[in-house]
Amino acid sequence: MSSQDVLIHSDDPCHPANLICTLCKQFFHNNWCTGTGGGISIKDPNTNYYYLAPSGVQKEKMTPEDLFVMDAQTLEYLRSPKLYKPSACTPLFLACYQKKDAGAIIHTHSQNAVICSLVFGDEFRIANIEQIKAIPSGKVDPVTKKPMALSFFDTLKIPIIENMAHEDELIDDLHKTFKDYPDTCAVIVRRHGIFVWGPTIDKAKIFNEAIDYLMELAIKMYQMGIPPDCAIGEEKKHLKMASP
């Protein structure tokens, strides 16, 4: 086995190379990463290496041999597959690692994200929904010193940026969202999809699933005439549906 292949072969299902393939297959079946769209990157906390899904690979068929591995310090590729080129998302993944101290980033072409980007303006908003409690608030508990989640009564806000012809051209707007929304763990790209990050791949996956649930719910609320961020008790005032 070559020194490059050692980086991607492990019997541990939680090894980044194995996890990326497992999750990409799962996300394909969730209809989030079809037609080679989307991608995942995970930072190995033991080595400080970035593992990155390549461009142009069918996500449900991806294997560890298809992955790129990059040194987090030098940003040099330690391993490059012969059949694929680096993902166009790579500069965006690196920005999340460097500016948000992310441990993993998920990019999907979720239809819920795309629809929400057409319905909302500069930001997606939803409030007073239980699932919001799965999303980090960006604040730290003064007693436990642990990160705090949003509460049921909080409003989740996710910035929406305009799509570009090439994904690496999104970098300036992504940096702007880091400044304007310092507590966000996601950004929606209009008519494109969503990027979600977290301190670990487990957290990023939870955030991504919760946000997609909330976006789907917001779409259904919008179809009923209910503003997704409306106050508790105000829902029936907005209903388009006739009373039974």
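Counting starts with 1 at the first residue shown.
Including glycine, each Cβ sits where the backbone N, Cα and C put it.
Annotated features in Swiss-Prot:
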BINDING   CYS89  substrate binding site
BINDING   HIS107, HIS109, HIS192  Zn(2+) binding site
ACT_SITE  GLU130  active site, proton donor/acceptor
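Other residues of the same chain near the Zn(2+) site, with their Cβ within 8 Å of the Cβ centroid of HIS107, HIS109, HIS192, are GLY37, GLY38, THR108, SER110, ALA113, VAL189, GLY193, ILE194, PHE195. Taking Cβ-Cβ distances under 8 Å and a sequence gap of 6 or more within the same chain, the neighbours of HIS109 (Zn(2+) binding site) are TRP32, CYS33, THR34, GLY37, GLY38, HIS192, GLY193.
Here the C-alpha separation of CYS89 (substrate binding site) and HIS107 (Zn(2+) binding site) works out to 8 Å. Sequence-distant neighbours of the residue listed as 'active site, proton donor/acceptor' (same chain, 6+ residues apart, CB-CB distance under 8 A): PHE152.
There are 20 other Cβ atoms within 10 Å of the Cβ belonging to HIS192 (Zn(2+) binding site). Under the DSSP three-state reduction, HIS109 (Zn(2+) binding site) is assigned to coil, being neither helix nor strand.
Counting every protein chain shown, 22 other Cβ atoms lie within 10 Å of the Cβ of CYS89 (substrate binding site).
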